[in-house]
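> Please see the structure below; I have some questions.
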Amino acid sequence: MFPRLATWLLIWFGITFPAYPAAKQWPQGTTTRFYDFKIQTTRVNKLCNSNEIVTVNNMFPGPVVYAQEGDRLIIKVTNLSPYNATIHWHGVRQILSCWFDGPSYITQCPITPGQSFTYEFTMVKQRGTFFWHAHVSWLRATVYGALIVYPKAGVPYPFPFPYEEHIIILGEYWSQDIVQLERQVIASGGVPPPANAYTINGHPGPNYNCSTNDVYKIDLVPGKTYLLRLINAGLNTENFFAIANHKLTIVEADAEYTKPFTTDRVMLGPGQTLNVLVKADQPIARYCMAIGPYISARNAQFQNITSVAYFQYSGAVPNSLSLPARLPNINDNLAVKTVMDGLKGLNTKDDVPKEIDATLFLTIGLNVNKCRSPTPQQNCQGMNNGTMAASMNNISFIKPTVSVLESYYKGFEDYFTPDFPSAPLRFYDFVNGAPNSAPNDTNAMNGTRTKVIEYGTRVQIILQDTGTVTTENHPIHLHGYSFYVVGYGSGNYNPQTANLNLVDPPYMNTIGVPVGGWAAIRFKADNPGVWFIHCHFDLHQSWGLATALIVKNGVGHLETLPHPPADLPRC
């Protein structure tokens, strides 16, 4: 919780030093801010159990990183945990700093136990709500925190200045060792159990056993307006969020301003952020903030107990009953579409690519591979006694043993191939006519296949959901770029009938591809490096729903990826 004065004091009187010299081509901030992260195990008491979880600086969620637009951030990460680790700075475009993006085996090898790595990057023309999280295994379940970047001094918000700002991080919590759980799930060929609880800022709330006092609370002054910075750091579930009897006015999505849009509830997929204004204009009482699941896949297991926090007015009777928040039904696709329809970019018209140089058509979805294990009862627990997989253009991405970026930079193409197809090998009715007689016709190909893009290319990507196993809303995240969401719809994408918005599309980094539908995104490939594009359900990422885009160098040092840092972890 940061009142207005305290927030700005943090910015103006925080630990700041002049930026020290670096190579000419690296973007330089006017101020450098230093942070020290120690990844370590921490014992927590939740849901009637005492467990060891992996955290940063013994905090869950982890420490908030604060900056202003244009600042340079230097974060030393020391791994004191027993597991490999990296940190990804979600939504940061990493201009000429691809080495510090963080996805394991894509831009770096993991930081091994006992080792350190220092991330250095500048917030170039970016401000808003970001977050950081682990990008190895499923450590993201507990290793995450907010990254808040304020506008430059003297630059106001394009909306009324709030009385207070609050960070609200949605999460999922497991009572078992998350790394061991991932290993068990992948070995089984099946699906994981649901999370034991949803959390708000690490707190399950009173609907869960032993959690009456493990609840987050915001204290309100009647009549004031509050800015809530919503972040979905959940592992495998998309979530609805609502506050009883209060309206939410969206003013930012994925760290980019939007035209104000008022709604009763919002949905965030893992990796998405929203800033919403809420006015404390209701009778004095205690109200519930609640998160619950949005489940668009058929026959999916999920945690059905909502997580609750308190939105409490000053003067409310302590420990009074809370007015409940109304969440949509778990499969309310219309509620999701309504909010997406309302998202319009603020002042994006002039920057939207009107002409396109290259189009990628990516089918996304699940697969069931034939069982090839000598012990099928242990290793083939997917549908129809197969093993579960996921893919783009029917190719499951296999992470190499050396990072793709290092391999590409050094010319070692033994670890990847530059032949990811620009379109699926064959077109059919992706949504309704998929060959879903698993596992006979749903095998995916495997490979570390990447797509190479020339510098400066104006790219359009069509993301098409498929019904091979089940249609589903997939939150697709692109590293290194934000993109204009110029269109989306239900069914199969048809360029003749697709209605595209080139006037005021939202500018995002994670898009929920509609269940049984498609989304069209555009961006200019003007940041050299290797950039992961993947589903932000960690389960689907583990199954291979990903690929990597290699953006080649342009001309001159301002369009050329610098050399790797000296302390880059080795595989």
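Cβ atoms are placed via backbone N, Cα and C, with glycine included.
Whatever TrEMBL says is automated annotation, not expert-curated.
Below are the features I grabbed from TrEMBL:
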SIGNAL    1-18  signal peptide
DOMAIN    39-153  domain 'Plastocyanin-like'
DOMAIN    164-316  domain 'Plastocyanin-like'
DOMAIN    438-553  domain 'Plastocyanin-like'
> Can you break down the domain 'Plastocyanin-like' (438-553) into helix, strand and coil residue counts using DSSP?
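The breakdown for the domain 'Plastocyanin-like' (438-553) reads 6 helix, 58 strand, 52 coil.
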> What average pLDDT is reported by the model for the domain 'Plastocyanin-like' (438-553)?
96
> Go ahead and report the DSSP secondary structure tallies for the domain 'Plastocyanin-like' (39-153): helix first, then strand, then coil.
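Breakdown, helix to coil: 6 helix, 58 strand, 51 coil.
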